[in-house]
Each structure stands twice: as C-alpha cells, then as structure tokens.
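Have a look at the structure below, then the notes.
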C-alpha cells in the first residue's frame, strides 16, 4: 500500500503541468515573504533582516545537505567568498531598496542585472531590440513617482540600492558559475554561510541591540524558510525537469508576481507607467532567454 502511494506521488511530481505549477508557487513564496520581511525593517533595519534571512537559510540547508561532507578547498575558497559576498550584498541591497520603493519596482530594477549580463557584448540586431525594451522599462521605472502610495518615499536612494542589487546579481551569476566549477555541489550553501559571516559586522553595526530582538525570530524564521530554503529547493527540482529556456521564461514573470504581492500584502498601487515599465523588463527578459543560442546552466536567484 505504501509503495503504491509513493508511486502515485512520484508520477504526480513528474507531471509536466505539476512541474510548471511549482515554479510560480516558489515565486509567490519569495515575494510574499519579501512583504513580510518589510515589517522587520522599522525594528532592525534591512541589512540585519537580510543577514538573518540568509544565515538561517544557510544553517537549515547546511543540515539538510550535510555541507560538512564537502568542505571547500583553499583554492576554491576565494571564488566562493566572492560568490557569497555578492549573494549577501544582493539580498541586503534589495531589502534596502524596499525601504524606498514598491516591491514590483524594486524587483524590476534588480532584473536589470542578469538582463545586462546576458546582453553584454551581443551584436545581433534582435538583441538590440531587447536592449531598447529593457532600457525603456528601466526609464519608466525610475522617472515615475509612486504618488498613489504615500507611505513609500520614492527617491533616488531606492533606485541606487535597486541598481546596486542588480549589479550584485550579475556578479552572483558570474562567480556562481566559477564557484560551481571549482567546488561543485553544495556551493550555494557554503556561499550563503560565508556571505553571512561577511555581512555580520554590518548587520550588527546598522541595527545595534535590535539585532538580538528574539521576539522577532518567528517572523525571521518564516522569512528564511519560505523565501530561501523552500523556494530554492523547489526551483532546483523544477530546473532538473524543465529545459533551461522554459525555466528562464517562467522566471521572467517574477516582477509581475512581485507587483501583485506588493498590492495584495502592502497595498502598493503602481501607476500605469510603472506597470508598463515592469512589463517591458519582463518582455526583454523573455526575449533574451529565448534568443540565447547556447543553453547555459541557469543560476538560482537566491535573491529577492
């Protein structure tokens, strides 16, 4: 009886439609938890919140994957350290941008990192169209003030932090590939651990005694589990069963999921130009994914 049930579950998880449905669930989990993480900012600040999210997720994933069995070599450590530094910086800067920007706009800006990396050095006319589309979307995101959400102090710092997160996402992809080649499996867990250590003094310095606000730990634990550990596992499950281009196309929906989460959980109403900007960034992302000649390994946006 037990074997029969396991067989049914295995067949269900192997279903193409189930696999396609898992990735949007992961995106919803990430973006809804970003809304929840925002409630921590007034108490401990965005940097400390990012630290706890990544550190706890690293601890949980380290236990689940038995990371101590694959300790990085001295030769691999510098690359993994840069990878981990870019990972934690991406998360911290993204959280900093949420202090000033609606969630959908912040994610749209962050997407410029992998987009720019994918388009860098390309000379094809078709890719030029995606560049124009991405730049137009970026301009619409940064020039329009969010007057319909007065609680948001839409300003230049949010844009700077958002683009900083985009830059770190690009570094994360570059050094994630290098770290994967030098260390192999378990590199994300080690990157998160090392990144947490690098971020620790900044997290403590920016939050003071609030860093040890243990009454907030239930919220922090939920954010760590449902915005990092579980979504990462789900994305890796999907990536092993879908073509890279299909995976990338589905991931391009994330800015829309973020905008919807911001509206549902925080009442962030975007203006028409911002919605158009997010749409253009998504179109550029889908275009880049589907015009790529070589099927390269996708990188998990341990992101946002």
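Glycine too: its Cβ is placed from the backbone N, Cα and C atoms.
Automatic, uncurated: that is what TrEMBL annotation is.
Annotation source TrEMBL lists domain 'EamA' at 157-288.
As annotated by TrEMBL, transmembrane segment applies to 12-37 (among others).
Sequence annotations record features per position, and here TrEMBL assigns transmembrane segment to 43-64 (among others).
The feature transmembrane segment is assigned by TrEMBL to 76-94 (among others).
Cβ atoms under 8 Å from those of the transmembrane segment (100-120) belong to residues 31, 34-35, 38, 90, 94, 127, 130-131, 134, 137-138, 141-142, 146, 149, 152-155, 157-159, 161-163, 165-170, 173-174, 254-256, 258-263, 266, 268, 270, 274, 277-278, 281-282, 284-285, 288-289, 292, 299, 301, 303-304 of the same chain, restricted to positions at least 6 beyond its ends. Summarising the annotation, TrEMBL assigns transmembrane segment to 100-120 (among others).
Positions annotated as transmembrane segment by TrEMBL: 127-143 (among others).
Beyond its flanks by at least six residues, the transmembrane segment (155-175) meets 79, 82-83, 86-87, 89-91, 93-94, 96-97, 99-101, 105-106, 109-114, 116-117, 142, 299, 301-304 of its own chain at Cβ-Cβ distances under 8 Å. The annotation transmembrane segment is assigned in TrEMBL to 155-175 (among others).
Annotated transmembrane segment per TrEMBL: 187-204 (among others), in sequence order.
Here TrEMBL flags 210-234 (among others) as transmembrane segment.
If you look up TrEMBL, you'll see 246-266 (among others) marked as transmembrane segment.
Residues annotated as transmembrane segment in TrEMBL: 272-289 (among others).
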With DSSP, how much of the domain 'EamA' (157-288) is helix, how much strand and how much coil, in residues? 117 helix, 0 strand, 15 coil
Same chain only, please: residues at least 6 beyond the ends of the transmembrane segment (76-94) with a C-beta under 8 Å from a C-beta of the stretch. Say none if there are none. 46-47, 50-51, 53-54, 106, 110, 161-162, 164-165, 168-169, 171-172, 175-176, 178-179, 182-183, 187, 190-196, 198-199, 202, 302-304
Please determine whether the transmembrane segment (127-143) and the transmembrane segment (246-266) are in contact (criterion: at least three Cβ-Cβ distances under 8 Å, sequence separation 6 or more). no
Closest-packing stretch to the transmembrane segment (210-234), where packing means Cβ pairs under 8 Å, from 43-64, 187-204, 246-266, 272-289: 43-64
